[in-house]
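Asks: Pasting a structure here, questions to come.
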């Protein structure tokens with residue numbers, strides 16, 4: 001039997017040892033670019049058993065953000081911070097019930113005009129799933145903390161919300177711009193590596209885009225909306241997988257509004273853009289979220305992976 005006093009001391013020092021070990025691994029990571037084991041990023045896919053309400057996913061995200069802010073408050077009163085282990089970055093991923101979200105500065109009168117159109121019944125048909133979905137929903141409308149105008153979240157779309165401290169000691173720091181760029185670059189890399197889809201980004205119009213050709217307009221495949229409080233992030237990116245992007249307003253939610261207020265450009269999905277060689281028989285959004293999480297985590301440690309050039 002171990003000495004109780006020694007066991008107690010080991011229990012108290014274990015968090016400090018973990019913190020020091022993480023800092024050591026992170027320091028080596030910057031030069032060696034070897035993935036950290038076990039993963040630093042704590043990923044939770046919260047719609048594993050079905051669609052989740054947008055407000056329910058937001059409550060999970062808010063709880064994580066609150067934990068980070070509490071840590072920052074405690075650390076402020078500890079000059080060395082040596083006894084307080086930094087929280088690990090989190091990732092909340094999900095597929096939600098049909099929801100139109102609006103930006104924090106959006107004109108309420110415009111929303112009132114849109115409301116009747118946005119909340120009309122919407123038919124969802126996702127046949128290429130392990131458990132196919134065919135159902136009619138009445139979409140919800142939610143106000144968010146992001147900038148920008150109206151956008152849509154719903155079945156067939158993978159939402160990815162990292163919650164992290166951009167100034168954490170566990171990895172090289174982010175600026176707001178480089179963090180947004182990392183979300184976009186991660187998505188670009190996943191689309192290229194898994195589906196052979198070539199994309200571009202535009203500083204003037206955040207998100208991930210596919211260039212138009214042969215008379216087709218430029219099309220957005222992933223929307224970006226980020227908020228931060230004291231360098232702790234919330235919201236993130238929504239990637240269209242097998243969501244409807246064609247058809248009338250009863251099946252195609254994008255026909256009910258101008259996505260993000262950008263005229264003259266369209267919306268697309270992985271299913272619409274991938275060729276048959278890259279298209280799976282069944283779409284598995286949980287598995288895709290895990291692939292995205294791996295790529296995102298690699299960029300936490302290696303700043304060179306926070307941007308993307310096709311083929312790299």
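Placement of Cβ uses the backbone N, Cα and C atoms for every residue, glycine included.
Dumping what TrEMBL says about this protein:
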| type | residues | note |
| --- | --- | --- |
| DOMAIN | 85-300 | domain 'BPL/LPL catalytic' |
| BINDING | 146, 147, 148, 149, 150, 151, 152, 153, 223, 224, 225, 236, 237, 238 | substrate binding site |
| SITE | 220 | site 'Lowers pKa of active site Cys' |
| ACT_SITE | 260 | active site, acyl-thioester intermediate |
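Just tell me what is around each of these and how deep it sits.
Replies: Summarised as a single figure, the pLDDT of the domain 'BPL/LPL catalytic' (85-300) averages 92.
The number of other CB atoms found within 10 A of the CB of residue 148 (substrate binding site), across every protein chain shown, is 21.
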Asks: At the level of the C-alpha atoms, what whole-angstrom distance separates residue 220 (site 'Lowers pKa of active site Cys') and residue 148 (substrate binding site)?
Replies: 15
